[in-house]
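Chemist: Here it is: the structure, laid out below.
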Amino acid sequence: MKLPLLLALLFGAVSALHLRSETSTFETPLGAKTLPEDEETPEQEMEETPCRELEEEEEWGSGSEDASKKDGAVESISVPDMVDKNLTCPEEEDTVKVVGIPGCQTCRYLLVRSLQTFSQAWFTCRRCYRGNLVSIHNFNINYRIQCSVSALNQGQVWIGGRITGSGRCRRFQWVDGSRWNFAYWAAHQPWSRGGHCVALCTRGGHWRRAHCLRRLPFICSY
């Protein structure tokens, strides 16, 4: 009885060894084709981090998608490609110098009362005054500009802020490339329905998102 038992045990051991060998041979090619998770992570983080940071900083309202459809083309094309190169510079009587900016002796701002789209206004500031649409970085400058436009028969004026990017990677930028470190939004802004460009309200000085194809007065810095 011992001999059949020994033969059965020996046969079982050989079968188990053979099965293990076949399993190892089958798994090896599959493992070679599959990248380890820790090798995928760095590249994924580099691609996803900017969007993730923006998701934490900004949440957008339900109207933002409609706004992107309406004037998204304005955001993706540079100013020289968008406007009429024959656009004439404003007459002197249509401009007002903004003076008395506290704490900034070299700051020069100009209110242009002629009505233009955001892109036209941006181009006019660059071409006619060798400047840019104004960027605002503190309350004092915002207040002084608001005082200079309060007498206008218009509810808003263009400043140099706009939305760039798409989806959850959208963010606000100044067209002159300076840092976005100050904002003075009106109630429920910037999350409520609006456009991709930023306008300053002539009463109160608060900011609102506006559709870029609207024609408004504007402020140049030069």
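Each residue's number is its place along the chain shown, starting with 1.
Glycine is no exception: its Cβ is also placed from the backbone N, Cα and C atoms.
Remember, predicted model here, so these are calculated numbers, not experimental data.
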Chemist: Disulfide partner of C212 per Swiss-Prot: which of C169, C197, C201?
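Modeler: Recorded partner, per Swiss-Prot: C197.
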Chemist: Need the cross-check against Swiss-Prot: the disulphide partner of C125, picked from C201, C220.
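Modeler: Between C125 and one of C201, C220, Swiss-Prot records a disulfide, namely with C220.
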Chemist: Looking at Swiss-Prot, which of S24, S68, S166 is flagged as O-linked glycosylation site?
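Modeler: Checking Swiss-Prot against S24, S68, S166, the O-linked glycosylation site entry points to S24.
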Chemist: Run through the domain 'C-type lectin' (104-222) and tell me, per DSSP, how many residues are helix, strand and coil.
Modeler: 26 helix, 39 strand, 54 coil
Chemist: Which site among C125, C197, C212, C220 has the most other CB atoms no more than 10 Å from its CB, taking these as disulfide-bonded residues?
Modeler: C197
Chemist: With every protein chain in view, what's the tally of Cβ atoms within 10 Å of the Cβ of N86 (N-linked glycosylation site), excluding that atom itself?
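Modeler: A 10 Å sphere around the Cβ of N86 (N-linked glycosylation site) contains 5 other Cβ atoms.
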Chemist: Could you give the Cα-Cα distance between C197 (disulfide bond) and C220 (disulfide bond), in whole Å?
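Modeler: With the alpha carbons as reference points, the distance is 15 Å.
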Chemist: Where C212 (disulfide bond) and N86 (N-linked glycosylation site) are concerned, what is their Cα separation in Å, rounded?
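Modeler: C212 (disulfide bond) and N86 (N-linked glycosylation site) have their Cα atoms 20 Å apart.
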Chemist: What does DSSP call N86 (N-linked glycosylation site) in the simple three-state scheme?
Modeler: coil
